[in-house]
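Engineer: To start, I am sharing the structure in question, which I have written as structure tokens.
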Amino acid sequence: MSQIIGHISQVIGPVVDVYFEGKGIDTDLLLPSIHDALTIKRNDGRILVVEVQQHIGEDTVRTVAMDSTDGLQRGMEVIPTGHPITMPVGNQIKGRLMNVVGEAVDGMRPLSKEGAFPIHREPPKFDELSTVQEVLFTGIKVIDLLEPYSKGGKIGLFGGAGVGKTVLIMELINNIAKKHNGFSVFAGVGERTREGNDLLREMIESGVIRYGEEFKKSMEEGHWDLSKVDYNEVEKSQATLVYGQMNEPPGARSSIALSGLTVAESFRDRKNGDSNGPRDILFFIDNIFRFTQAGSEVSALLGRMPSAVGYQPTLATEMGQMQERITSTKNGSITSVQAVYVPADDLTDPAPATTFTHLDATTVLSRKITELGIYPAVDPLESTSRILDPLIVGQEHYDVAQRVKQILQRNKELQDIISILGMDELSDEDRQTVNRARRVQRFLSQPFAVAEQFTGVPGVMVSIEDTIKGFKMILDGEVDYLPEQAFLNVGTIEEAIEKGKKLLDAASHKK
């Protein structure tokens, strides 16, 4: 059976109906399948890709556009591709920036679609999955100690607007590239173009993406000269970026997470003969809420009845189809870190609540902690991890983590008494608990490499051994003599002791 050429019959915003003439007469002619890509040539020569979402009757399909529909007219020719949207694969995509349909948007040479992977794929079969439990240490104290990340797991970064989700993601990419020599795929889903631009520049400056020394030098001088890019160096990069910004139509924003995931799968599932490829991939999604939001827009445009709070009725299904593909197989692993915007800081909203069910670890960023000036603003009592288990992380790590949580919880309970009666009314034991809890709270902060240009403090990565040692010393009262300020924005306990001694010296000189 053969494919047929269609024509646009209706355009309503990003929704395009395509009529296939003669389909009702000649039964040998097939309508394009659901999720197939169709192409429309605009008057200026550019190609628009649309994706089939519904069959209407026997001769019309309803599609959603992956780019602006400005300039489309009824009667324009539509060519079926016979397959879903595909993403390019191989070393050629290392260090590159792509859009939802796999086109390079970084101004460099075009990418080959040979051997391309379709973005709509089945998840790995049950017998292909790996069940090995392994901790992925990030060099960030609060994460490694209290909510350790699992290699091949799914991690959610929850927080409202402006609490530091994107900065934490950028630091994780930076640390994992340096510490584990890991390969990252970053999917920018419906976020700001400025943030995408900042991330690309940050990655070039830190060496995660390599454009060559000549280009880097010209960039430092304030020029963006792509003629100086060394393509041999680009293929040594440790990241690939896939962007669908917030100015894109909802079709692109709802599919961009799948496009990024397909790139991550292509590296994980490389053939055994291909030894160049990374097998353990880090997949970052910023922001998974925008994936849900775009799905809601598409659902409304297609005329589906909304469910709770106006979200699409297929919310759980769409989320499940994507999350089931993010997993470890016997070939390699995909560890995903997903930033989750929480509307109005309400964790019971259907979008974050649906995401929660799929996660192995949650890192909750809190506005109350940003108000204390503690960054990363991770809430140690709200954040959780499935693998904080003595059989996986070891007994000492588990015991210290539990003691930290207990002292912070007790401090939280005492805050009401302190706010009404003051510290003087507490027993000696409770006063000691509060003082140590305040030191623990400050020691959970850490300077980030990606924030160095704002803070002027060089970023640090702290090993899990140093982290456990530091918190144990605070809990055991070995550093009670140091001022609280000594523990803020330092890496190891040795740095805190050194800073504390300087503060004590400065205070004694003032007297």
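Placement of Cβ uses the backbone N, Cα and C atoms for every residue, glycine included.
Grabbed the feature section from Swiss-Prot, which reads as follows:
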| type | residues | note |
| --- | --- | --- |
| BINDING | Gly159, Gly160, Ala161, Gly162, Val163, Gly164, Lys165, Thr166 | ATP binding site |
Engineer: Check the DSSP secondary structure of Lys165 (ATP binding site), expressed as helix, strand or coil.
Structural biologist: helix
Engineer: Give the sequence-ordered set of same-chain residues, not counting Gly159, Gly160, Ala161, Gly162, Val163, Gly164, Lys165, Thr166, with Cβ within 8 Å of the centre of the Cβ atoms defining the ATP site.
Structural biologist: Tyr341, Leu365
Engineer: Using Cβ atoms only, which residues of the same chain lie under 8 Å from Lys165 (ATP binding site) while being at least 6 residues apart in sequence?
Structural biologist: Leu157, Gly159, Asp286, Asn287, Ala339, Val340, Tyr341, Leu365
Engineer: What is the number of other Cβ atoms found within 10 Å of the Cβ of Gly164 (ATP binding site)?
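Structural biologist: For Gly164 (ATP binding site), the 10 Å Cβ neighbour count is 21.
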Engineer: By a 10 A CB contact count over all chains shown, which of the binding-site residues listed here is most packed: Gly159, Gly160, Gly162?
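Structural biologist: Neighbour-count leader: Gly159.
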Engineer: Compile a sequence-ordered list of residues in the same chain as Thr166 (ATP binding site), six or more apart from it, whose Cβ lies below 8 A from its Cβ; state 'none' when nothing qualifies.
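Structural biologist: Non-local contacts for Thr166 (ATP binding site): Glu191, Glu195, Leu199, Asp286, Ala339.
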Engineer: Are there any residues at least 6 positions away along the chain from Val163 (ATP binding site) with a Cβ closer than 8 Å to its Cβ? List them or say none.
Structural biologist: Leu365, Ser366, Arg367, Thr370, Ala377
Engineer: Near Ala161 (ATP binding site), how many other Cβ atoms are within 10 Å of its Cβ?
Structural biologist: 11
Engineer: Is Gly160 (ATP binding site) helix, strand or coil when read with DSSP?
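Structural biologist: DSSP assigns Gly160 (ATP binding site) to coil.
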